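Colleague: Here you go, one structure.
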Amino acid sequence: AWYVPCLASLETLQELCRKENLRCKSIGITNRSLKSYEVEYLCDYKVEEGKEYYLVKWKGWPESSNTWEPQKHLNCPTLLQNFLSDKNEYLSRVREGKALKVRNHVKALKPAIADYVVKKAKQRIALQRWKEELNRKKNHKAMILVENTVDLEGPPLDFYYINEYKPAPGINVLNGITTGCECADCPAEKCCPKEAGFILAYNKRKKLKIQPGLPIYECNSYCRCGPDCPNRIVQKGTPYSLCIFRTNNGRGWGVKTLQKIKTNSFVMEYVGEVITSEEAEKRGQLYDNQGNTYLFDLDYDSDEFTVDAARYGNVSHFVNHSCDPNLQVFNVFIDNLDLRLPRIALFSTRTIKAGEELTFDYQMKGSIDLTSDSADGLSPSKKRIRTVCKCGAVCCRGYLN
């Protein structure tokens, strides 16, 4: 079978596809781009003999095929607007926020400006592809958006989106469920929560009604009830469209909601690779040196297992800490009743406005103990470097651990 090394650049892949007459939609090689020219982005600008020219990167063609084209030949108003916006953004930053005076007699862009414009264009394309990848892999209806208006950071290089726990070898996260409730209309006397010795976690409006620390038992795949059962909430995935965005205060990526979220509503699950606590301690030492770790102790009944979302996770991987959070952690049991392996669900503690960042306290009961060298990192509750908190809350404790 024909293949190329996975470390090849996008331009190299495009050129190889052309030489072999291969199509690959994910890198922009289609029947249309093989036979025609489409502007991917604009790289530079100059004026010659009174005419304006733009250096064009053609979609599906390597950068060696870039050509200067007069503006009248370009039918790409959005790309032209992006080019001008990126140029002005660079100039504004260089002038440290001073009033920008755009000079109309500029004959050519300085190399530093052109370089920035190209980097922004490549970032925009990379983030768009990442957004499309996330939405292909998610298993819920709500959309995931990606936004970076702060710097040139692109998608994380070593992160893989998953929808549920990824068990390490030897760990079974589906343990022993063979029966379910016989309710025709949940909840009933013998519904799943009551069989486990607890009350139903949700009210008639499908909002959480139990206190933090109590477990949630949802109906499972063996239950007689259907998908509209009021005791099936977490298993349906997040119902809200969310945006992974770049924060402007050094906290890396964050997550904000694009819709209003009412109090006590399910927002998302925290998922990752399930490993033993011994393995978590080994990784924690390594992650501390790297400045990144996302280790979540599953300590509802014991501390035998940990969830590591450093490489494998969902949107929750990017949720930041706050000493005054709007999300709370709950342990959930659905198709697995092993008390050592609860699913971790995040519910709203108050009404959250559209556009507001989602956060939770890494030290809250049943939650995470952050003791890494990174503002985004999570690790087991061991003695590690104290990390300064950047949440900005009035009640900020000053440190994450």
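Every residue, even glycine, has its Cβ placed from backbone N, Cα and C.
TrEMBL lists these features:
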BINDING   Cys181, Cys192, Cys219, Cys223  Zn(2+) 2 binding site
BINDING   Cys181, Cys183, Cys186, Cys191  Zn(2+) 1 binding site
BINDING   Cys186, Cys219, Cys225, Cys229  Zn(2+) 3 binding site
BINDING   Arg251, Gly252, Trp253, Asn320, His321, Tyr362, Lys390  S-adenosyl-L-methionine binding site
BINDING   Cys323, Cys389, Cys391, Cys396  Zn(2+) 4 binding site
DOMAIN    37-95  domain 'Chromo'
DOMAIN    179-237  domain 'Pre-SET'
DOMAIN    240-363  domain 'SET'
DOMAIN    385-401  domain 'Post-SET'
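I'm curious about the neighbourhood of these features; can you describe it?
Modeller: Non-local neighbourhood of Cys192 (Zn(2+) 2 binding site): Gly180, Cys181, Tyr217, Glu218, Cys219, Asn220, Cys223, Asn231, each in the same chain, at least six residues away, with C-beta under 8 Å from its C-beta.
Take the CB of Cys191 (Zn(2+) 1 binding site) and look out to 10 A: across all protein chains shown you find 23 other CB atoms.
A 10 Å cutoff on Cβ-Cβ distances gives Cys229 (Zn(2+) 3 binding site) a total of 20 other Cβ atoms nearby, all chains included.
Using a 10 Å radius centred on the Cβ of Cys396 (Zn(2+) 4 binding site) and all shown protein chains, the other Cβ atoms total 14.
Looking just at the domain 'Chromo' (37-95), the mean pLDDT is 92.
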Colleague: I need the neighbours of the Zn(2+) 1 site defined by Cys181, Cys183, Cys186, Cys191. Which other residues of that chain put their C-beta within 8 angstroms of the C-beta centroid, in sequence order?
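Modeller: Other same-chain residues with Cβ inside the cutoff are Glu182, Asp185, Pro187, Ala188, Lys190, Cys192, Cys219, Cys223, Arg224, Cys225, Cys229, Asn231.
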Colleague: Quick check for the class: what is the C-alpha distance, in angstrom and rounded, between Tyr362 (S-adenosyl-L-methionine binding site) and Cys396 (Zn(2+) 4 binding site)?
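Modeller: Each residue's Cα considered, Tyr362 (S-adenosyl-L-methionine binding site) and Cys396 (Zn(2+) 4 binding site) end up 13 Å apart.
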Colleague: Pull out the binding-site residues from the set Arg251, Gly252, Trp253, Cys323, Cys391, Cys396 whose C-alpha sits within 10 Å of the C-alpha of Cys225 (Zn(2+) 3 binding site).
Modeller: none
Colleague: Which one is it, among the binding-site residues Cys229, Gly252, Trp253, Cys396, that lies nearest to Cys183 (Zn(2+) 1 binding site) by Cα separation?
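Modeller: Comparing Cα positions, the candidate nearest Cys183 (Zn(2+) 1 binding site) turns out to be Cys229.
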Colleague: If you run through the domain 'Pre-SET' (179-237) with DSSP, how many residues end up as helix, strand and coil?
Modeller: 7 helix, 4 strand, 48 coil
Colleague: Which of Cys219, Cys389 has the fewest nearby Cβ atoms, counting only those within 10 Å, among these binding-site residues?
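Modeller: With the binding-site residues Cys219, Cys389, fewest surrounding Cβ atoms within 10 Å: Cys389.
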Colleague: Take the C-alpha atoms of Asn320 (S-adenosyl-L-methionine binding site) and Cys396 (Zn(2+) 4 binding site) and report the distance between them in angstrom, rounded.
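Modeller: On Cα coordinates alone, these residues lie 14 Å apart.
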